[in-house]
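Heads up: the structure comes next, in structure tokens.
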Amino acid sequence: MTHPLRLGIAGLGTVGTGLVKLVQTNAALIEARVGRPIEISAVSARSRSRNRGVDISGYAWEDDPVALARRDDVDVVVELMGGENGPAKALTEAAIAAGKDVVSANKALLALHGQALAEAAEARGVALRFEAAVAGGIPVIKSLMEGLAGNRITRIKGVMNGTCNYILTRMEDAGLPYDTVFEEANQLGYLEADPTLDVGGIDAAHKLALLAAIGFGVQPNFDAIELGGIEKISIEDIRAAADMGLRIKLLGVAQMTGRGLEQSMTPCLVPADSPLGQLKGGTNMVVIEGDAVEQVVLRGPGAGEGPTASAVMGDVIDIARGLRLPVFGQPATTLAQPIAARATASKPFYLRMTLMDKPGALAKVAEALGLAGVSINRMRQQGHADTRAPVLVITHKTTRDAIEHAVALSLKTGVVVGDPVALAIEED
Ligand SMILES: NC(=O)c1ccc[n+]([C@@H]2O[C@H](COP(=O)([O-])OP(=O)(O)OC[C@H]3O[C@@H](n4cnc5c(N)ncnc54)[C@H](O)[C@@H]3O)[C@@H](O)[C@H]2O)c1
Ligand SMILES: N[C@@H](CCO)C(=O)O
Ligand code: NA
């Protein structure tokens with residue numbers, strides 16, 4: 001019999017348990033496809049005795065996950081613990097140093113330490129694969145790195161956090177305020193242990209940093225991403241967007257501009273009838289544009305036991321088949337430094353402000369926008385019963401820098417109440 005590929009799995013939570021199930025359930029068909037068996041030698045997690053609904057009694061147990069890297073009966077270390085530092089980083093580094101291939105689902109670790117880890121893995125000649133880390137079950141990394149490798153990528157955009165998409169679509173469908181739906185998502189167990197990772201856009205920005213590295217040949221750099229969360233989105237914003245045939249999405253965009261590659265993960269308005277606008281619930285979507293292929297739209301589950309295990313297994317199978325690729329698609333030492341976050345791409349913006357209802361208030365805000373060089377396309381003051389007047393502005397194409405300047409000048413007029421909301425409109 002051909003020698004098996006032996007896995008050491010660190011982390012037996014949602015993804016780890018899913019992987020164990022997949023290895024057990026599809027063993028025969030995977031062996032038929034790969035030409036050799038894929039087996040689990042050893043596992044590690046916080047609790048050995050927890051009932052996970054899978055039999056792990058046939059695998060060696062390690063209390064210390066880093067010990068998996070030292071085991072002679074482990075060929076591939078699969079890191080499914082999570083966390084940007086701590087044992088996940090120690091294990092990944094130890095596995096690379098020990099000459100073992102690594103498969104990871106850990107977007108935080110890779111977005112923050114991916115460059116150093118990639119250089120170490122390539123110097124040591126081992127694989128470091130992470131399909132599960134970006135858009136879960138969607139084979140987006142494989143698409144970019146292999147199927148689309150002949151293209152000059154011009155833009156990548158997408159919805160990469162299912163929890164935010166669930167919250168935004170549920171607010172619209174049920175007409176519920178943000179706080180109520182946030183609590184629902186919490187009850188349903190959708191939120192990360194630190195919910196800011198989801199609603200602050202951080203988790204999605206980690207994913208975008210990884211895709212941008214592969215698509216545009218830059219070092220993964222979370223700090224180069226202009227970041228905004230969905231916490232300030234109100235049901236009024238969602239209704240106003242719907243009135244204009246638009247929907248609000250936490251949208252990642254990485255695109256070439258005159259200044260270089262600009263990366264943003266912010267709530268944006270997209271046409272309601274576009275593929276991104278139609279995306280409901282916890283599903284993810286990534287739209288990739290290249291000079292030859294034009295546009296590819298990938299849609300699927302971004303999280304969950306089965307979908308994430310599917311992605312991990314795809315990486316393991318590539319390793320079993322002997323496929324060797326640079327971690328980010330080209331040698332890590334040749335990746336360029338990304339430019340600092342500062343969005344200069346020109347787009348129309350949606351601006352919502354609440355003004356004190358007194359003579360001249362609207363004129364003062366209009367003047368502030370003018371002073372910042374922001375041209376108004378449409379402006380609407382909504383009907384209101386009290387002394388505060390909600391005002392919606394749609395601008396002609398401008399930059400986020402100009403919009404932020406306009407908001408700062410508007411705040412100085414003394415007629416604006418509360419925090420304005422400014423969202424880019426991604427028209428195409
Ligand atoms: N859950 C998903 O749908 C999903 C999707 C994509 C990526 N991911 C990523 O996959 C990884 C795992 O996610 P999960 O949802 O399975 O997490 P989880 O919390 O369900 O499971 C984590 C597992 O790791 C173990 N673990 C954590 N810290 C440990 C430590 N210090 N020492 C030993 N064991 C430790 C825990 O005991 C547990 O078995 C994370 O990086 C996550 O971001 C998850
Ligand atoms: N919290 C993430 C999990 C998958 O990475 C999400 O909601 O998409
Ligand atoms: Na994926």
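Indices start at 1 and increase along the chain as displayed.
Here the Cβ of each residue, glycine as well, is placed from N, Cα and C on the backbone.
The active site, proton donor feature in TrEMBL is assigned to LYS207. Residues annotated as NADP(+) binding site in TrEMBL: ALA10, GLY11, LEU12, GLY13, THR14, VAL15, GLY16, THR17. What TrEMBL records for LYS107 is NADPH binding site. The L-homoserine binding site annotation in TrEMBL covers GLU192. The domain 'ACT' annotation in TrEMBL covers 350-425.
Calculated from their C-alpha atoms, the gap between ALA10 (NADP(+) binding site) and GLU192 (L-homoserine binding site) amounts to 19 Å. Checking the recorded positions GLY11, GLY13, THR17, GLU192, LYS207 for a CB within less than 6 Å of any atom of ligand 1 leaves GLY11, GLY13, listed in sequence order. For the recorded positions listed here (LYS107, LYS207), the lowest count of other CB atoms within 10 A around the CB belongs to LYS207. In this view, GLY13 (NADP(+) binding site) is surrounded by 15 other Cβ atoms within 10 Å of its Cβ, with every protein chain counted.
The average pLDDT for the domain 'ACT' (350-425) in the predicted structure is 91. For the pair THR14 (NADP(+) binding site) and LYS207 (active site, proton donor), the Cα-Cα distance reads 19 Å.
Under 6 Å, Cβ to nearest atom of ligand 2: this is the test, and of the recorded positions LEU12, THR14, GLY16, THR17, GLU192, LYS207 it is passed by GLU192. Between GLU192 (L-homoserine binding site) and LEU12 (NADP(+) binding site), the C-alpha separation comes to 17 Å.
Each residue contributes its Cα atom, and for GLY11 (NADP(+) binding site) and LYS107 (NADPH binding site) those atoms are 15 Å apart. Recorded residues GLY13 (NADP(+) binding site) and the residue listed as 'active site, proton donor' have their alpha carbons 20 Å apart, per Cα-Cα distance. With a 10 A radius on its CB, GLY16 (NADP(+) binding site) counts 27 other CB atoms from all the protein chains.
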